[in-house]
Amino acid sequence: MNLPKIPLADWIETIEKWLENNLGPFFDIISAIIGGTVNGLDDVLRGLPALVIIAVFVVLAWFLGKWKLALFTAIGLLIIENLGLWGPTMQTLALVLTAAIISVVIGVPIGILCARSNAMQRIFTPLLDFMQTMPAFVYLLPAVTFFRLGVVPGVISSIIFAIPPTIRLTNLGIRQVPGELVEAADAFGSTPLQKLFKLQLPIAVPTIMAGINQTIMLSLSMVVIASMIGAQGVGEYVYRAVTQGRTGVGFEAGLAIVILAIILDRLTQKVVQRTEKQS
Amino acid sequence: MAILEAKKLTKIFGDDPKKAIPLLEKGWSKEKILRETKLTVGVNQADFTIESGQIFVIMGLSGSGKSTLVRLLNRLIEPTTGQLLFNGNDVLKMNAEQLRQYRRKNIGMVFQKFALFPHRTVIQNIEYGLEVQGIDKKKRREMAMESLKLVGLSGYENSYPHQLSGGMQQRVGLARGLANDPEVLLMDEAFSALDPLIRKDMQDELLELQTKMKKTIVFITHDLDEALRIGDQIALMKDGSIVQIGTPEEILMQPANKYVERFVEDVDLSKVLTASHAMEKAETITIDKGPRVALQFMRDRGVSSLYVVDRSMKLLGLVSAEDASAALKEAKGLEDVMQKEVPVTSPDSLLNELFELMGGAKLPVAVTDDTGRLRGVVIKGAVLAALAGNGNSLLDGGDSNESA
């Protein structure tokens, strides 16, 4: 093969440079929004005494699930507190919640667009596949170029990795609304927006919630990677333990992530079940 | 007055559907068009007029295009060509907003599988059509409750659809269709998913509602019995075309072609034909005549009994030759000897309701209208002839009787 190599790497870097030079103010705005959200959540989560936060979670678990979930939540969070990982775990939670909130805010409308137009769906499907399969480390680099080190590029890369399920399942949920119901809504003279808000979204809620649940889980799986570019939190402890070869510390921090993951997963699943029951 | 009028209303499915229009006009069949052009003919140049206050039944087997046709009427499916007039306004020329208003105010719909919104309560389902119009909450709740009462489901307003039986769910569907008081109600196989007993109840209730509310109803069904039972006019469809339009009697007695004939051959005529179809002219005598005249009449007309009526043809009784002879001997009037207990029925009673009446009695059954006037008489032979499908002569007989 004597064909010259396609200079793909050069192209990408040229694009990166161009974006950095020309869209700087735009990235600053995004950075301010994301940074503000993470810090705001972080201030609340770490500003309040650990026991208050634990109590809030336990009540939420009690309300959504049963006493078993409440008990697990209480014990799990107390273990984290006991291991001395409360602060970093709350930092991680702030990061994950920010990524999840932004994913929902962006992902649900995109999912709705995809559901309403086959052309949009055809554009987004390969894009989402690309976002999910491209190794996450690869888009850490441009994220750092645009947003510098810290929590913001961590949130950005978490969003890129975690947003696809929300988009896909919003699209699916709306498309799965039975044709006869859509027909009925049309037959009574609904406008497209009335149809969306009075019929399609309410019926799609359980499916959309399942997507949000996956988005949260995926962004949690990004915390260790995000810590490599300076996102603080419990992921940082894992990363440090790995580089220093300290199995015990790594295990403790890993356990904190697992506990947080299980609690968030069960809580959002309970929300899914509730919405399913309603419809 | 015509409320809906379709002229050459056509729906072709596929890419570039207009291509098939000249072929349809040339009279190509649905099959041939599919083979040559890959286009599917949904509805082929349907022409019909629906009168206000009528139950217009569109009947056909599955795939005959009836569900497509009904959806052309509110443009849930966009017609390819043709004209559709609602009270003289061209429905196909309406823009999106006008179409929405037409659907909101003029034309309601009831669906085969109910299509109730599962996340809404019964009352929220019923008020959906009012809600999208922006009617305020209190007013629309009132209207919806009224509609719920109409279908006999008061008390269930806060239930969810899945908590109700099929029959109840379809009542909710019906209430939803009626809530905004549309002039026309489209019912797409509305009772097909219900079991037979409930279905019959619903048919009865629909007829009752229709008498009360004077709605125009377009009713789709694949069930001939149902069509005959509730239809004022029936349009029979095959392969997207309307094969015949007529009253139930016309469809049964004068099938337009072999297809219709085969379709109706298994019908239990006794459940369709009424006394007025089988009745013959009754031999009568007015009450002021004497027994001698009565006997003379019987001799002249070759009968053994006469119905006694007053001057306005009101039925009073029956006098036989023996009765008349006895009256003559004892010098009495007809009034004293006539039999006052005569089997009587109304012109609208179905023949199968007459069987019992006729089986027991030696006398023929007199047919009187609701003012008690004698319209004709049903004898056993005529019923058998009617059930044997001796169509044309019967219809003619029926007509002449009515004019007599």
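Note that Cβ sites are derived from N, Cα and C of the backbone, with glycine treated the same way.
Per TrEMBL, domain 'ABC transmembrane type-1' is recorded for A:89-268.
Marked as transmembrane segment by TrEMBL: A:44-64 (among others).
Positions annotated as transmembrane segment by TrEMBL: A:69-87 (among others).
Residues annotated as transmembrane segment in TrEMBL: A:93-115 (among others).
The transmembrane segment annotation in TrEMBL covers A:136-163 (among others).
Positions annotated as transmembrane segment by TrEMBL: A:216-235 (among others). Under 8 Å from some Cβ of the transmembrane segment (A:216-235) lie the Cβ atoms of residues 85, 88-89, 91-92, 94-96, 99-100, 103, 136-137, 140, 143-144, 149-151, 153-155, 157-159, 161-162, 165, 253, 256-257, 260-261, 264-265, 268, all in the same chain and six or more residues away from its ends.
Residues or ranges marked as transmembrane segment in TrEMBL: A:247-264 (among others). Tertiary proximity for the transmembrane segment (A:247-264) is limited to same-chain residues at least six positions away from its ends with a CB under 8 Å from its CB atoms, namely 57, 61, 72-73, 76-77, 79-80, 83, 85, 88-89, 92-93, 96, 216-217, 220, 223-224, 234-235, 237-238, 240-241.
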Long-range environment of the transmembrane segment (A:93-115) - Cβ separation under 8 angstroms, sequence gap at least 6: 34, 37-39, 41-42, 45, 121, 124, 151, 154-155, 158-159, 162-163, 166-171, 173-175, 196, 200-201, 208, 211-212, 215-216, 219-220, 222-223, 226, 231, 233, 260, 264
Residues from the same chain, set at least six apart from the ends of the transmembrane segment (A:136-163), whose C-beta lies under 8 A from its own: 16, 19-20, 23, 27, 30-31, 34-35, 38, 95-96, 98-100, 102-103, 106-107, 214-216, 218-219, 221-223, 225-232
Tertiary contacts of the transmembrane segment (A:44-64), as residues 6+ beyond its ends and Cβ separation under 8 Å: 70, 72-74, 77-78, 81, 86-87, 90-91, 93-94, 263, 266-267, 270-271, 274
Surrounding residues of the transmembrane segment (A:69-87) on its own chain - C-beta under 8 Å, 6+ positions past either end: 46, 50, 53-54, 57-62, 234, 237, 252-253, 255-256, 259-260, 262-263, 266-267, 270
